[in-house]
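Trainee: Among the features that TrEMBL reports, Cu cation A binding site is placed at 183, 201, 210. Sequence annotations record features per position, and here TrEMBL assigns Cu cation B binding site to 331, 335, 373. According to TrEMBL, the feature compositional bias 'Low complexity' maps to 7-23. Under the heading disulfide bond, TrEMBL lists 100-116, 115-184. Residues or ranges marked as domain 'Tyrosinase copper-binding' in TrEMBL: 201-218, 366-377. According to TrEMBL, the feature region 'Disordered' maps to 1-31.
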């Protein structure tokens, strides 16, 4: 599988398992969070696409005081078509629409409508590459919680007209359902390239695909209301003022209200950026503090290098799960928080389907999806603004990867990743908002000293672990202690969980802490000992007809954490795992500590 870092030294624990305060003005140490996984699967096209109509038919910019933030503001690789997968990968091409077949819902059944886009181009090879049209004014995307009534009315009108196309022209590529189907086709196994299934999540394709997706969606909405300056809002969930469902999406009877949305997120409920499908029993203040801690970890601590932020290279068809930090958290938890379980009964009595935000195939059916991804896209800009090594990837295999879309005039185009790196050149920008998470590095410690590791079972007595149905603490030996600063700069100390396996049809979440025991308060993440979390949204994965087991290797950088909690000189450390969701179905083969090059 593709690897972001090359391990030079490893401490391996064999098992019989069968199957400091970081300155934002300087370059942080390479603290990292990697997610690697393998999904070996085959694909069977259930039907070919047809045109038969088979469709389901002046803002603040300065930093804010930490206490005031909470108290005052809170109210690709790939191969060309028909060419066998090569050992050395090449840029992923645009999918040929003739290869598009039925997508599959995460728990196995086929999506009850085709996600493949009509109309079918007569000659795919002649589809031109997109060129940006002339512009006289940037479209400015504003935080959703701050827009006025005039904008809300305009947005509702645009979505209403997009939905009207579903009734009058069900095969119009500009229609609401057809636009939602773009996500379904790219993300749930409808496209085949070179005999291999295409997936734009869990790799470095995630950010550029969704940027292009929103770009055309936004232009279509503007075209429908004859306003070329219309811009999508962004859900400002990284700021306490935006840590709720934007109010304009909670007005029943409007075009942007979704009756299939999770009803528990309504009426000003505070958002959980680490959501695992269940409510966390804590105060609103603590939840906001947790959110800002997660943002700091994912944007600063865990993403100092490009491949850590964007995700690992994507090799078409080998099904590597290696998402970047923001895709993992908060992107997935916001989907979980706003989505629902398929088959749920909604106020309108609908039980046919309806996860909407809760599953990739249906996410685009909720208008808030595009608002959510507006902020995900904004994080790309904010991450680069932090500085250091935070810059766009330079690999040609990423820059030359392609996607396919229809523009606002229903004309088909191919697009390249290299052309979406600068939002201003694309014709839009984001209204600035403070980013308080930049100054939210956890400083408070759970305990004053070192946990007694001799009272904990060693790692070799705990793993392999058949299920994570309770809080688990263990001790693990480090490969090297008292490392010099030069050694730390050259290699990162990584806590590695090998061969995590779980049923990927459900939500998964567990947290990792250092230097605590099983009495840790896992609802308080704003502690220096909190290392990170693993979470997963239901997604397509099939090796066989009934095989839904995902295999993932999860790694957390601990160099910075060991400094912060005063354990640099310790040879043995304590690790605690706290299951939040689906733990009884999670098994782990082994845990080890590695020293890896960034």
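Glycine is treated like the rest: Cβ placed from N, Cα and C.
Whatever TrEMBL says is automated annotation, not expert-curated.
Distances, neighbours, how buried they are, the whole picture for these features please.
Mentor: Annotation for residue 183 (Cu cation A binding site): spatial neighbours 213, 360, 361, 363, 364, 369, criterion Cβ-Cβ under 8 Å with sequence separation of six or more.
For residue 335 (Cu cation B binding site), applying a Cβ distance below 8 Å and a minimum sequence separation of six or more within one chain yields 357, 358, 363, 372, 537.
Neighbour density for residue 116 (disulfide bond): within 10 A of its CB lie 27 other CB atoms from the protein chains shown.
There are 26 other CB atoms within 10 A of the CB of residue 184 (disulfide bond), with all protein chains counted.
Regional average pLDDT for the domain 'Tyrosinase copper-binding' (201-218) in the model is 95.
Within the same chain, residues 141, 144, 159, 183, 207, 210-211, 213-214, 217, 232-238, 242, 245-246, 249, 255-256, 258, 260-261, 326-327, 331, 334-335, 338-339, 356-357, 423 sit at least 6 positions outside the domain 'Tyrosinase copper-binding' (366-377) and bring their C-beta atoms closer than 8 Å to a C-beta of that stretch.
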Trainee: Within 10 angstroms of the C-beta of residue 210 (Cu cation A binding site), what count of other C-beta atoms is obtained when all protein chains are considered?
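Mentor: Other Cβ atoms found within 10 Å: 25.
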Trainee: Sequence gap of 6 or more, C-beta under 8 Å: which same-chain residues meet both conditions with respect to residue 115 (disulfide bond)?
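Mentor: Listed in sequence order: 100, 102, 103, 181, 182, 184, 185, 188, 190, 361.
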Trainee: Please spell out the DSSP helix, strand and coil residue counts for the domain 'Tyrosinase copper-binding' (366-377).
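Mentor: DSSP composition of the domain 'Tyrosinase copper-binding' (366-377): 10 helix, 0 strand, 2 coil.
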Trainee: When you average the Cβ positions of 331, 335, 373 for the Cu cation B site, which other residues in that chain have a Cβ within 8 Å of that mean position?
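Mentor: Nearby residues not in the site list: 327, 330, 332, 334, 363, 369, 372, 376.
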Trainee: Let me check the 10 A CB neighbour count of residue 373 (Cu cation B binding site). How many other CB atoms are there?
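Mentor: Looking across every protein chain shown, the total is 25.
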Trainee: Quick one: Cα separation, residue 373 (Cu cation B binding site) versus residue 210 (Cu cation A binding site), in Å?
Mentor: 7
